[in-house]
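> Annotations per Swiss-Prot:
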- Cys45-Cys110: disulfide bond (DISULFID)
- 24-117: domain 'Ig-like' (DOMAIN)
- 23-45: region 'Framework-1' (REGION)
- 46-56: region 'Complementarity-determining-1' (REGION)
- 57-71: region 'Framework-2' (REGION)
- 72-78: region 'Complementarity-determining-2' (REGION)
- 79-110: region 'Framework-3' (REGION)
- 111-117: region 'Complementarity-determining-3' (REGION)
- 1-22: signal peptide (SIGNAL)
Amino acid sequence: MDMRVPAQLLGLLLLWLSGARCDIQMTQSPSSLSASVGDRVTITCQASQDISNYLNWYQQKPGKAPKLLIYDASNLETGVPSRFSGSGSGTDFTFTISSLQPEDIATYYCQQYDNLP
């Protein structure tokens, strides 16, 4: 009995299952911004497909390791000031600094972990 066809079908099925959630693209905006102390700052992040709430927000200062600020889209990491907040689910997420402080000057970025390489 020739088993090549079922094996090929199984391979296609596994490929389809494993590929269903790969290559999630994240689009963050704005790419840069100018703001003053005391300003409310908002950054958005959009996923190319539904990632539920599997999103982190990080702060990185020059020469330093990234610091986790927000996990699961909206949960504040212990010790992070309450002026930082996150919201959203599915494909659209928002990160907010309610009142910008001088020490907040940094690079901020989102990271999805619904599907990791």
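For all residues, glycine too, the Cβ spot is worked out from N, Cα and C.
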> Please average pLDDT over the region 'Complementarity-determining-1' (46-56) for the predicted structure.
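95, rounded to a whole number.
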> Quickly jot the same-chain residues contacting the region 'Framework-2' (57-71) by Cβ under 8 Å, restricted to those at least six beyond its ends, or write none.
45, 77, 80, 84-86, 95, 104-111
> Could you tally the C-beta atoms, other than its own, that fall within 10 angstroms of the C-beta of Cys45 (disulfide bond)?
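Counting Cβ neighbours of Cys45 (disulfide bond) within 10 Å gives 24.
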> Once near-sequence residues are set aside, which residues in the chain of Cys110 (disulfide bond), 6 or more away, have Cβ atoms under 8 Å from its Cβ?
Met26, Gln28, Ile43, Cys45, Leu55, Asn56, Trp57, Tyr58, Phe93, Phe95
> Tell me whether Cys45 (disulfide bond) sits in a helix, a strand or coil according to DSSP.
strand
